[in-house]
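According to TrEMBL, the feature domain 'BAAT/Acyl-CoA thioester hydrolase C-terminal' maps to 205-413. Residues or ranges marked as active site, charge relay system by TrEMBL: Ser234, Asp328, His362.
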Amino acid sequence: MIQLRVTPETALADTPVRIHVSGLAPTQLVTLQSSLTDERGVHFQARAFYRADEAGEVDVERAAATGGDYVGVWPMGLFWFLKPEKLFHRLMKRDVMSGPFCFQLDLFDSCQLLPSPQVVPLATCTVERWYVGPGVERVPIKEGRVRGALFLPPGPGPFPGVIDMFGGAGGLIEFRASLLASRGYAVLALAFFGYDDLPRVLAEVDLEYFEEAANLLLKHPKVRGPGLGVIGVSKGAEVTLAMAAFLEQVVATVWINGTGFLNGTPLRYKGVHIPHIPYCPERLLITEMGVLDNYHVFKDPRDPAHAAAAIPVEKAQGEVLFVVGEADRNFNSKLFAEMAIERMKSHEKKNYTLLSYPGAGHLIEPPGSPLCSISLIRGSPKPVHWGGEPEPHAKAQEHSWQEILKFLDHCLGPTSNL
């Protein structure tokens, strides 16, 4: 009897699963296919071709795919190499509390490039990938000027606190915050424009808003102080670096593919004003696929004319973890990270760590998220090129997520009960 087993069938989205097929003929050629329809009705799919061993089994943890959407040994390849049926769509859980992503895994005989409804699978199963663990609570935040969502692990706490931010598309994105809360952190997914009654566009980085958010989080009875962590990608990473430089509450900063300068928007904090480096929209490139390549929109930060726009990262009292995708096409995040580190070194600071991944793109996310090298975003007239190559990007996401969890544990102390 042919069997397709996935262990565990229900798990957090960042948890690896084991896929095993048995009951095949020795050396039988088969196709394994994963499919998912997201909350907006976009269909995603991945497939790979395998040959059974002499026992008639395929253990995806050890067996090498011969072709399909990936080649070689990729235990999570059916999740990491998903592609959208409609171009330029990003697989992202938007409502983390509504339920899991439900994947269907199908096993077909032979090499099936485009299985039709008439082709009956040899076996099938369903896998649930959750972005929120059992007992995690989501609390909408609308207090003072602060807007976002607070995710609290089950139990009395207190839990180490983290503020989580995304980038230039604005709005509120929660999937990373909910996963971190499922790992034992009290996490505030923080919006800073383009959400609720916040400004529709970001005209300046008002650091007092982020200070208010930090104080709000630390005041919560289930949050363990005195310090907290911040994590951000893109524009959110730029903000986290500014928070690290000016806010004493910040003791751990995770900077993912950001900058070390104020780009496009100045910073204001009490009596401090940092000017910005203006964008150069005339340098936008439109690729043969009609995609915007922003890489050259950012001026060279090494130009002495832009020195005043640098974030004074040497003032950071806490630890800073720089996570770089070297194939980032949004901007030269590797250069920005290296310049920030050089600035810290010049002030005899050693409170930094650099993780740099060749082949990884801009959107380095928790493992389980497939590479999104191009996508539509709010406010852009065309899809945006993020960069990245599937295989190195997948490895970067897996490794960086584990390093981020270790970093937060080191800086904030262990989580209390998870």
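Residue 1 is the first one shown; counting continues down the chain.
Glycine too: its Cβ is placed from the backbone N, Cα and C atoms.
Small disclaimer: the values here were computed from a predicted structure and weren't measured.
All features noted in TrEMBL, drawn onto the structure.
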residue : record                           : Cβ within 10 Å
Ser234  : active site, charge relay system : 23
Asp328  : active site, charge relay system : 25
His362  : active site, charge relay system : 26
Averaged across the domain 'BAAT/Acyl-CoA thioester hydrolase C-terminal' (205-413), what pLDDT does the model get? Just tell me the whole number, please. 97
Whole-number answer please: how many Å between the C-alpha atoms of Ser234 (active site, charge relay system) and Asp328 (active site, charge relay system)? 10
Whole-number Å distance separating the Cα atoms of His362 (active site, charge relay system) and Asp328 (active site, charge relay system) is 4
